[in-house]
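Under the heading ATP binding site, TrEMBL lists 110, 126, 147, 230, 231, 232, 233, 304, 319. As annotated by TrEMBL, Mn(2+) binding site applies to 147, 319. Among the features that TrEMBL reports, domain 'FAM20 C-terminal' is placed at 194-402. Residues or ranges marked as active site by TrEMBL: 299.
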């Protein structure tokens, strides 16, 4: 396994700083048992705050479901550990656990569902909207592009291979629209949007600001529908997250350009602006830039952090559905933060160099990682080839910075 060899490499075994109590997202007191509380948010509560306990009674840590162990393990330095023994179980649960509830997630431009499992774990379901080999048309603006379920799956594995580990676990899944959505939903608005198409397939379109209409309905074959299932992060009532506007955000306008597109010295003012004026925040943003360039994602307008850790923590790389839309062209403007700031973490640079060489070639290790997904093949072969080409371009930008 090339993937196992990569993760065994010394560059993937650099220790993180010692995790103190204050560095943990949740401090679990061994004397205090946790209960899977059926609160409004389908989240969990500690017994000291719980008004009511489930019939399961008090449960010890080793009996927690995998999703709860994942939440408890989050710390200042990483969303999940490198050699995470939980990961196979989490991915398996996302792909196979019985779905007991399906409701539409509010907000956003496109239809997404929140699905709940019998152990109170939850996942965000993004349904398949286009086939693997469809490229985004050249005349499409990035903000009117479809979100792709396979991009969410591939982004999780790519992020892990780059050793960022800032995307929650994602698995592909084949869902039965009739039994696992229509028949069990308590969402009245969603329920009204189901119909049988002229071809005899079960379809629905939900309610959202862009692609929620009969013309953009999601149809099964006849009721089987592919989608991505992403593990949800802890409820925001338990772990507040802060949303940050990216300094290199696009204008989201058909003709206006953003300031960074017009000012080649834009990075100078970013470096003087908190939180980029100290610590590793700018370097973390450049890590995210590299991830986005490799998958061709132009839609990174915001990012999030866990509020508890202040400015000294990693960025969450959420919402990656607009990646992997094109393989035949490379959008160099995504690399603007790297090009303008000429800065990158040494560890990131060394890993990128490693992934450009045999036997750790980026396309090979990602292909291997994606082969284990239930919906494999996740990416069409040209997308995998494009990764190696784009990685060479990232290294070229860094080489120019070093020479300059």
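Each Cβ is built from the backbone N, Cα and C atoms, and glycine gets one as well.
The structure displayed is predicted, hence computed values, not measured ones.
The Cβ of residue 233 (ATP binding site) lies under 8 Å from the Cβ of 71, 168, 239, 241, 316, each on the same chain and at least six residues away in sequence.
Within 10 Å of the Cα of residue 299 (active site), the following binding-site residues from the list 110, 231, 319 place their own Cα: 319. Counting every protein chain shown, 23 other Cβ atoms lie within 10 Å of the Cβ of residue 319 (ATP binding site). For the domain 'FAM20 C-terminal' (194-402), the predicted model reports an average pLDDT of 95. For the recorded positions shown (147, 299), fewest C-beta neighbours within 10 angstroms: 299. Residue annotation for ATP gives 110, 126, 147, 230, 231, 232, 233, 304, 319. The furthest Cα pair among them is separated by 20 Å. Taking Cβ-Cβ distances under 8 Å and a sequence separation of 6 or more, the neighbours of residue 231 (ATP binding site) in its chain are 67, 70, 90, 94, 121, 122, 123, 168, 169, 170. Within 10 Å of the C-beta of residue 110 (ATP binding site) there are 19 other C-beta atoms, taking all protein chains into account.
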